[in-house]
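> One structure, as structure tokens, below. Some questions next.
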């Protein structure tokens, strides 16, 4: 089942209590305090995974509680740290604080992790309270409570091309013809109830296309399921606006197109800035060709690119895909900035902790240790294109790679800690 929104509660584990213990050993009189510290509680992380396609599994479990840290022991033994919980979500998931609406993270890279609930610190044992004037302290600290937070997760599918249009415009049929996807197709509106992805192979190019369910007038204000569908358009690089030439939804193809553009503009101005092609569909049906000729003339008068097709007979598909490939080549892939994330954006986001689990990055820190040659390490990151993905993070965010900790300055990574040592 496709689910693109989930509400969950995450809780870090409680820290273990410090121990009150004294050394009792033969031939060691007045051994003194040796109570160890409690272990830190486990933390909760979210990790983007390309294997996940829906938030369905996440939504089934409303509460994620990390294990607590173990209490301290005698002989100054520290309690074990609670095990961290890692929740896998699809790439393209946005993480919001459910109570404030603040955008906490935008997981756009496979393997990217974000800390959403930190475990509590372990309490200090009585060994750490010994002083010259108090050599037998009978006091220890309890472990701290872990962080607790309610989250709203929203999935915005990441695709190269989005098929947008009013209901029954032929989006699912087009996707089924140009890709291996098998969306539900029926001769009535709203046969598609959730976005469907398909991989298109055209000549030497390969790209991902998404069929976005029908958008109706007033969708930007919440009519129908408009808000649920429109957010999936935000991440695509090229938009195909499909208009039914055989049975226009409003009776007039130009009005159908105007409704679609109006909903885009009212939802987010950034949608209108995306490259788009207007596609007249169902030209194999009676009177459709006549409507298309008149509609194409109106498009040309406005300087708008348009292509007429018939998915059933495959008429015009090659020309359409050629234009799509041309636009994809011109449109360089961009990572959305916090100001262009649409409704519920990240204005005033506070810095967070992001952890990246990547074989390439872990290999890089071993082969080119940042503490020895930070300039060379930074140069390799630039060459790989990794820094481009960090541009969406607020300056001051902590980035963890293996045992290394960096601070994102807005332009690069500054090493702050490695193997427990401060920079």
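From the backbone N, Cα and C atoms, a Cβ is placed for every residue, glycine too.
Bear in mind that TrEMBL entries carry predicted annotations, made automatically and left uncurated.
The GTP binding site annotation in TrEMBL covers 165-172, 190-194, 211-214, 281-284, 310-312. What TrEMBL records for 172, 192 is Mg(2+) binding site. Marked as domain 'Obg' by TrEMBL: 1-158. What TrEMBL records for 159-329 is domain 'OBG-type G'.
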> Between the Cα atoms of residue 310 (GTP binding site) and residue 172 (Mg(2+) binding site), what distance do you get, rounded to the nearest Å?
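Between the alpha carbons of residue 310 (GTP binding site) and residue 172 (Mg(2+) binding site) there are 13 Å.
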> Over all shown protein chains, what is the count of other CB atoms within 10 A of the CB belonging to residue 282 (GTP binding site)?
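Its Cβ has 25 other Cβ atoms within 10 Å.
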> Give the helix, strand or coil assignment DSSP yields for residue 165 (GTP binding site).
strand
> Counting across all protein chains present, how many other Cβ atoms fall within 10 Å of the Cβ of residue 171 (GTP binding site)?
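So the Cβ neighbour count for residue 171 (GTP binding site) comes to 30.
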> Looking at Cβ-Cβ distances, which residues of the chain lie under 8 angstroms from residue 165 (GTP binding site) while being 6 or more apart from it?
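Listed in sequence order: 171, 214, 215, 241, 242, 243, 244, 256, 260.
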> Need the DSSP three-state call for residue 310 (GTP binding site) to compare against my parser.
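Its secondary structure by DSSP: strand.
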> Applying a 10 Å Cβ distance cut-off over all chains shown, what neighbour count does residue 310 (GTP binding site) have?
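For residue 310 (GTP binding site), the count of other Cβ atoms within 10 Å is 23.
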